[in-house]
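Since the structure comes first, as structure tokens, the remarks are kept for the end.
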Amino acid sequence: MSIAAEVLPVASLYVGDLHPDVTEKMLYEKFSTCGTIISIRVCRDMVKRRSLGYAYINFQSDSDAKLAMERMNFANFMGRPLRIMQWQRDPSLRKSGLGNVFIKNLDKDIDNRALYDTFSLFGDILSSKIVSDENGSKGYGFVHFESEEDARNCIEKTNGMLLNGKKVFVGKFVPHRERNRNKAYRGFTNIYIKNFSDKLNDESLRKLFEKYGAIVSAKVMTDNSGKSKGFGFVNFTDSQDAEKAVREMNSVEINGKELYVGRAQTKLERLLSIKDKCHTLKGSQNKIETEGTDSIIVYVKNLDANIDDVLLKNYFAKFGKIDCAKVMTQNGRSNGFGFVSFSTPEDATKAARAMNGKILNSKKLYVSLALSKEERKAQLSNSLLQKLHSKPTQLCF
């Protein structure tokens, strides 16, 4: 039996968690006792035609579909409990997360049926599921209510309740992307300080910031010889103290140098930043923009055609930690130039000075710090002026 998406009736059911050997005929025999069935489709892999573990059953009437849900939901079928829900043709409803509730700290004995029965008291449920693996329940699950108001009421009434002797957490489902964003930007205690002189050590860094509140640790980063790299971290006990330190100390001049003070990035943010940076390099081709002269990106040109991203990174790795290295290409062929992004401006400067003019695969490299947009404009203007002044004056008659 087959079904076309454009003729899905109102009485459509999604049937999941199916055994791979279940066929349309077997489902028809199971569900036809609940009412008149229009069509059944077991969804299969396009190439090997293997079952994907779910199917759609279309009833002639809505009452038949509801009866099927009541009778068959969580019923054992070929050794597996069926998971049935009404088919939602509006993808925005499924993806929005509205009405979706997250439950954790569930007892291992709570199965899909028990979850559904417990939470259906608060309203009509579109779907519910205990997340499990080969060892059984992982202790958390989801209940998607048809009404957002029912979901709110459920959270208010059940969060913190005892279920099978365990206190459960019940809250609004938060999508993965939003969880990452919240994690990255919630109150911080660790701050990043850079652009200070080598006279500043751990103790003097702590004294500089201790007026803002209790400090857990203060550390100036150094190289292998013990020399300051010009940046460090101060970790406060309280986030409000850290925020105040950033507000009042950023751009303050110490020993003739203007400090940069900001929130220290989390590991997640650094990974996202590196990913964005590499994406920028990949899309930049003939241009690169940096924030002012404090560049961490090195521009390399006159590269041999055989130099790829990996070789470029390995060649510059001795100068410091590299976030990303990219050889610019067109139709898979090197354009003869690329960029190397270092973690610190100091490493980038060191690499540019040491590698400019060096020979790589018989070709002499040109290496420099990537210029900001404003610096490129200024450099171009100066170059044009020099060319104009160098030309002999021509008299026109």
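Yeah, the Cβs are placed from backbone N, Cα and C, and that goes for glycine too.
In the predicted model, the domain 'RRM' (11-89) has a mean pLDDT of 90. Among the features that TrEMBL reports, domain 'RRM' is placed at 11-89 (among others).
Taken from TrEMBL, the feature domain 'RRM' applies to 99-175 (among others).
When the domain 'RRM' (189-266) is classified with DSSP, helix, strand and coil residues number 22 helix, 30 strand, 26 coil. The feature domain 'RRM' is assigned by TrEMBL to 189-266 (among others).
Annotation comment: TrEMBL describes 296-372 (among others) as domain 'RRM'.
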Of 11-89, 99-175, 296-372, whichever stretch has the most CB pairs under 8 A to the domain 'RRM' (189-266): 296-372
Residues of the domain 'RRM' (99-175) by DSSP state, where helix covers H, G and I: 22 helix, 32 strand, 23 coil
For the domain 'RRM' (11-89), the number of residues DSSP places in helix, strand and coil: 22 helix, 30 strand, 27 coil
